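Engineer: Dropping the structure in here first, questions after.
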Amino acid sequence: MQTNEIIGLENKYHMNLYNRIPLVLERGNGVYLYDNEGNCYLDFAAGIAVNSLGHNDPDVTKAIKDQAEKLIHGSNLYHYESQNKLAKILVGNSSADRVFFANSGAEANEAALKLTRRYFYNQNQPKHEIIVADRSFHGRTLATLAATDRPKYQKPFQPLPTGFKVVPFNDLKAAEDAITPETAAIMVEPVQGEGGVRPASQDYLTGLRKLADEKNILLIFDEVQTGIGRTGHFFAHQAYGVEPDIFTSAKALGNGVPISALLAKEKVAKSFQPGDHATTYGGNPLVCSAALATVNKIIQPDFLSSVRETGQYLKESLENLSEEVSWLGPVRGMGLLLAVKTGDKTKELMTALRKQGILVLTAGEDLLRFAPPLIIKKEEIDQFIKVFKSLVKDPAFNRINL
Ligand SMILES: *Cc1c(COP(=O)(O)O)cnc(C)c1O
């Protein structure tokens, strides 16, 4: 089919929910993507921080093929070796004791909220309020939308579940002041993703842990974007040395197959009993085999240290550029989740990069976000920087107001 024919079908048959980029992606290999017209793109987006091992990783592809030939799905009425091996790895390499597999980030977060309710219900305590941070993003279901600080997105869907209180991110005092006898949990992203790639400060997360302990409330980390190696650590909470009571994982977990996880400490996890929560597909053998192959590679210390190294290299390269070009704002982020403030020309820069064969993300309206596959090499970062540099130094982009 011709490109315009394919895009025409979207316009005719899909609900009008995405402002898609006019590219028809057809295949990928490593850090490169190819469209249906044979054009090649260097991928600095990895889906949306999803394909951490890049595209067509031989081990993940083989795991999917082998599993598809054996059994795709069988429901959570039965046991699966891949599901249990994956559970063991996630628990053995994080602060959690138990896991529940779901299909998407929002679903894992929704389950985290249900687990919180169940925990306090079991204690005969009526706590139900959740403190969240400004510019948070936790998903698009009704409850996770209520937890997301986007009044504009929330408005058409009211009434939303109540009990969410928004406080400024990285402000420990504000979190402390917001706690009432009704407060059940504080939920934050260790590095805010959609809200602008803002890492939590060490004092903030350490302080929240202490606060949660003192006030008998739960600490929930949404690691949907930061988990599975993205920050150069298997989970971001390990970089901070702070153990949440509950955390969630999704995006990179299956390198592109839909799988997410809710993880929790035993004292909390044990509040769930059969019937409290469930999913039809969640953690089926197909996605668990893909996730197992993914996690087995990312968990390797050499792999994670190389993510820290390339992340640092990309950060420094961007910082050098930001120093040279007056209108580029500061660089922020952690590992290979980075962003630079590009002001009101963000969209134009993203388009210009694509036309030169590089795909990036935005975060909000004034930041370019970079989340390449974690296997990216320094030479490929150089390749990106060269193109990015020529663009930001182009006089056409010099009149940008931040
Ligand atoms: C992407 C994201 C979500 C939502 O994940 P979905 O799979 O789209 O439901 C939730 N929280 C964070 C931090 C995310 O980055």
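Heads up, the Cβ atoms here are built off N, Cα and C, so glycines get one too.
Just so you know, TrEMBL annotations are computer predictions that nobody has curated.
TrEMBL lists GLY105, ALA106, PHE137, ASP222, GLU223, VAL224, GLN225, THR280 with the feature pyridoxal 5'-phosphate binding site. The feature N(2)-acetyl-L-ornithine binding site is assigned by TrEMBL to ARG140, THR279. Among the features that TrEMBL reports, N6-(pyridoxal phosphate)lysine is placed at LYS251.
So that I understand the layout, could you describe where these features sit and how close they are to other parts?
Structural biologist: Residues within less than 8 Å, Cβ to Cβ, of GLY105 (pyridoxal 5'-phosphate binding site) and separated from it by at least 6 positions along the same chain comprise HIS138, GLY139, ASP222, VAL224, GLN225, THR248, ALA250, LYS251, SER260.
Secondary structure at THR279 (N(2)-acetyl-L-ornithine binding site), as computed by DSSP, is coil. Taking a C-beta cut-off of under 8 Å and a sequence gap of six or more, THR279 (N(2)-acetyl-L-ornithine binding site) has these contacts in its own chain: ASN76, PHE101, ALA102, ASN103, GLU107.
According to its DSSP assignment, LYS251 (N6-(pyridoxal phosphate)lysine) is coil.
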Engineer: What is the one among the binding-site residues ALA106, PHE137, GLU223, GLN225 whose Cβ has the most other Cβ atoms less than or equal to 10 Å away?
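Structural biologist: Going through ALA106, PHE137, GLU223, GLN225 one by one, the largest Cβ count within 10 Å is at GLU223.
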Engineer: For ligand 1, pick out the binding-site residues GLY105, ALA106, PHE137, VAL224, THR279, THR280 that have a CB under 6 angstroms away from one of its atoms.
Structural biologist: GLY105, ALA106, PHE137, VAL224
Engineer: Give the sequence-ordered list of residues that share a chain with THR280 (pyridoxal 5'-phosphate binding site), lie 6 or more positions from it, and have CB atoms under 8 Å from its CB.
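Structural biologist: In sequence order, SER75, ASN76 meet the Cβ cut-off.
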Engineer: At the level of the C-alpha atoms, what whole-angstrom distance separates GLU223 (pyridoxal 5'-phosphate binding site) and ARG140 (N(2)-acetyl-L-ornithine binding site)?
Structural biologist: 16
Engineer: Enter the number of other CB atoms within 10 angstroms of the CB of LYS251 (N6-(pyridoxal phosphate)lysine).
Structural biologist: 27
Engineer: Near ARG140 (N(2)-acetyl-L-ornithine binding site), how many other Cβ atoms are within 10 Å of its Cβ?
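Structural biologist: Other Cβ atoms found within 10 Å: 13.
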